[in-house]
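Engineer: So that we are looking at the same thing, I have put the structure below in structure tokens.
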């Protein structure tokens, strides 16, 4: 199983990814986490340090793949999770998608890519250009990390569009949303009510999760010293169990930007304005909850072309 984790920059994707990787390992799976961010800090809480990147290693070997061994690029992390950092090109030059491709190519040449039960790609921010959408080429499921905020759901909606596009040519499905650092979930619920998709879990705003990142450890590692944190780990184990059940997943249909603005802004408006916002969206997407039929291309085109007046 191959998973690609996306979401708005700073939303906590790496924290979710590391804890989810350990949760999957605790369920008996052999897990590899691949960081796909030029900052190369995805696996920091698993290994305790910034591991050398694939690009660093390739450069040191003058790109002679035959001189590279698995131990040169794969590092053991906490809980038996193996870790790889793809790295990235110099700032302002090159393409991150090329780096992801080179990483997969190298792992295949090392006969490592198919040795794992689960490979998890932790991907840079909400960038969904052709380059950083590259992990979707290899993934079975996409997971989108969001919170209950306006900007995070806008980013999630753009990622949904990328999943829909990639699913046309790849066996990719959206597994669902993961709410992170979320005290309330009204906007998340409003979004999935119109654009139907699973919500795998909603993690509340828990200070211990933030502190764990600062300490360079996962919740599961801190749990060994503080048993009272065990209940927090259950959130990640729940997500792992849902994924290991191999859900059917969905090919989602994103909302047009203006529709999404109208939908989410209606949360802060009067009842009369909210009713107007919903009627505008229903005019294009049909009854609420039917807006994500990926098969209805005509409806999709209408949604893209229709212009709504901001309230």
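Glycine residues also receive a Cβ, built from the backbone N, Cα and C atoms like all the rest.
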Engineer: Have a look through 29, 30, 39, 166 and flag the one Swiss-Prot assigns to the ATP site that 10, 11, 12, 13, 14, 15, 180, 181 belong to.
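Structural biologist: Only hit among 29, 30, 39, 166 in Swiss-Prot's ATP site, alongside 10, 11, 12, 13, 14, 15, 180, 181: 39.
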Engineer: Translate the DSSP assignment of residue 12 (ATP binding site) into the three-state scheme.
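Structural biologist: Looking at the DSSP assignment, residue 12 (ATP binding site) belongs to neither helix nor strand, so coil.
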Engineer: Quick check on the binding-site residues 39, 181: which one has the highest count of other Cβ atoms within 10 Å of its Cβ?
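Structural biologist: In terms of Cβ crowding, the pick is 181.
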Engineer: At the Cα level, what's the spacing in Å between residue 181 (ATP binding site) and residue 95 ([4Fe-4S] cluster binding site), rounded?
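Structural biologist: Each residue's Cα considered, residue 181 (ATP binding site) and residue 95 ([4Fe-4S] cluster binding site) end up 31 Å apart.
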Engineer: State, in Å as a whole number, the widest CA to CA span among the ATP-binding residues 10, 11, 12, 13, 14, 15, 39, 180, 181 given in the record.
Structural biologist: 22
Engineer: Between residue 39 (ATP binding site) and residue 95 ([4Fe-4S] cluster binding site), how far is it from one CA atom to the other, in Å?
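Structural biologist: Here the two Cα atoms are 14 Å apart.
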Engineer: Please work out the number of neighbouring Cβ atoms within 10 Å of the Cβ of residue 12 (ATP binding site), leaving out its own Cβ.
Structural biologist: 20
